[in-house]
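So the structure is just underneath, and the comments pick up after that.
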Amino acid sequence: INFTSEGSQTGPFGDNSQAASTAPTAPPSRAASSSPPSSSSSSSAFCPVLPSRQIVERQPRMLNFHVEYRTRSVEVVLEDASTVGDIKQILETELQVPVSKMQLKGWKSGDVSDSTVLRSLHLPKNNSLYVLTPDIAPSATTSQSSVQQESLNQNYLLIISHREAQREYSLNFPATRTIQEVKRNISDLTNIPVRHQQWDGWPASASDDSMTLASSGISFPCHHLSVCRRSSPATALEPTEECTDVHMVSDSEGDDFEDASEFGVDESEIFGMGSSSCRKSPMMPENSENEGDALLHFTAEFSSRYGDCHPVFFIGSLEAASQEAFYGKARDRKLLAIYLHNDDSVLSNVFCSQMMCAESIVSYLSQNFITWAWDVTKEANKARLLTMCTRHFGSVVAQTIRTYKTDQFPLLLIVMGKRTSNEVLNVIQGNTTVDELMMRLMGAMEIFTAQQQEDIRDEDEREAREMVKREQDEAYRLSLEADRKKREAQEREEAEQVRQERIRKEQEEEREAIRLSLEQALPPEPNEEEGEPVSKLRIRTPSGEFLERRFLGSCKLQVLFDFVASKGYPSDEFKLLTTFPRRNITQLDPAWTLLEAKLFPQETLFLEAKE
C-alpha cells in the first residue's frame, strides 16, 4: 500500500495525468494486491531516488521562441508545460492574426497540434518558428501614382534633323520638358526663331506647346523630328502643300516683316521689289547668350562661305579653350590660336579663303594648336571679347586689340600658357602670305617646344617624387592593413571559439534536457515477485561499463531505447546489439515487446557507436 501511494504521487512522470497517459495502469494495481513484505522491499529499493526526482519536477523549464511573420518578429517565453495553442494565443494578441487562420511552422517534430504539450517535443531552450497565413493576402505595394511618377523620371532622345543645314542633332530631354522649351533650344542651335520654325514629326496629340514630352504622345525612348525655316510671306501666297502639323503655323504674319532684317533680307525684297540678291549672314549673331552656340554658328557660316577645309574651331568659351590648351599634362599641352574675324575689313575674304583654308595651315594648326574664333564685326561682340581677354590674359592684350584698326583685321593671336600667367607670343595681321604665316607659326612652336621640354622635365621630377611618396604611403597603408587583418582574424578566431563553446553548451543542455525527460518518462523497474514475466538485461557500454535493469516482458522496445538514451547513448548515435547471434536491436520495430524481440528472460547486449 505504501509503495502504491508513493508511485502515484512521486512517479517519474511528475503528475498523475502524465503517468496515466504514458505507462499502463495495471502494474500499480497489481502492486497494491501484493504482500506486505514485497511492498516493504520495493519501497526500500526506490527510496534513494525519490528526492532527486521530486526536486526536478518542482523546477519548470523555460523555453524561448523567436517567431517571424512577414516583416515582424515576436519573442515568446513559456514553460515547457504549456501547449502549442498557448503560443498561438500570444501571437494572436501581438500580430492581430486569428488563431484559425494561423499556421505555426518550424517544429522539428512532424505532427504538432494545438493541444501538444511542449515538454513532449523535447525542445531545446532557444527555438525559431515562423507563421504562415495563406488566407490573408499581403497589402499592395505599388499604386498608380508611383507608376506615373516613374514615367516622369524617364528621358527622351529626340533626333532632330535641320533640313536646310543638312545637320542632325541628338538631344536628351527629361519627360517633364515642354514642347515650347524644346523649340527654344532648337532656336538656339539653328538660329531659327520659334515663330519661324516649321516642324515635321510631332504626333497629332501634341496640340499644345505647353504639353510635356511625357504627355505629348511621342515615341519612347527615341523619336525623330525635322525642322526648317518657314517660307516668307511672299512665297506663302503661292500654292503650296498644306501643313498638317499644328506646330508649323506661325502666330503672326507681321512678325515676318519685323524680323526680316535679322536674317539679312531687305523689306523691299520681301514684296518682290528691289534687288534679288540678299546680304550675307553675319559670322556670329549679336548678343548671343551662350558662347558655345555662337561658335557653332560661326563654324557653320565659315563653312558655307569658304568650304569645309578650314581649321577645327574649338566649340566653347575662351576659358574652356584655355583649359584645354594649357592645363593638361605637359606632354599634352598646345598653343592657343585666337582667330578674330571682321567682315568690314577688305582683307577678311582673302585671308580666310587663301590662308586659313590652305591645307598646310589647316594641318599645322590642327596638330599643334587649339584654335578658337570670334567675330568682332559687331561692337557688342567686340566689347564682349575685350572683357574675356582682360579676364584671362590681362588688360595689355585687350589694349593691344583695341589699337588695331578695322582694315588690319583679321588677326591671329598666338598665346602660350605659363605657370603664373598666359603670354601672347605673336599677333599675325591679315595682310600676310601663306609662307609668312607658316614661318610665324613655326617660330611660335619653337619657343613653345623649348618651354614644353622644361615643363616636362619638371613634371617628371615632380611625378617621381610623388611616386616615391605614394609608394611609401602605400607600404604604410599595406602594413596597417596587414595589422588590421591580423587583428580581425584573431578576433574572428576568438569569436568562433566563443561561438563553438556556446553551441557546445547548448547542445549539452539540450542533451541533458532530453535525457532527464526520457529518464522521467521511464516506467518503474518491476520486481520479480510481481508475477509478470520480467526480463533482466545487461548492457555493456563502449567504455566497458555495464548497465543493468529489469523490464517487464510486455514492455516495448522503445522503453529499452529510452532507458539507454537516458544514460547518454541516444539511438541516433549508438546501435544496440546482441552478442550471439549478432542482431541489431535498434533496427527492430520499437513497438515490439521484449518477448517478441526474444530478449527474455535475460540477455546481454552491448552498445556500439554508429559510423
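The backbone N, Cα and C atoms fix where each Cβ goes, glycine too.
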- Under TrEMBL, which of the candidate ranges 176-195, 236-255, 516-535 is annotated region 'Disordered'? 516-535
- Write out how many residues of the domain 'UBX' (530-607) are helix, how many strand and how many coil, based on DSSP. 14 helix, 28 strand, 36 coil
- Take every residue in the domain 'UBX' (530-607), average their pLDDT values, and give the whole-number result. 88
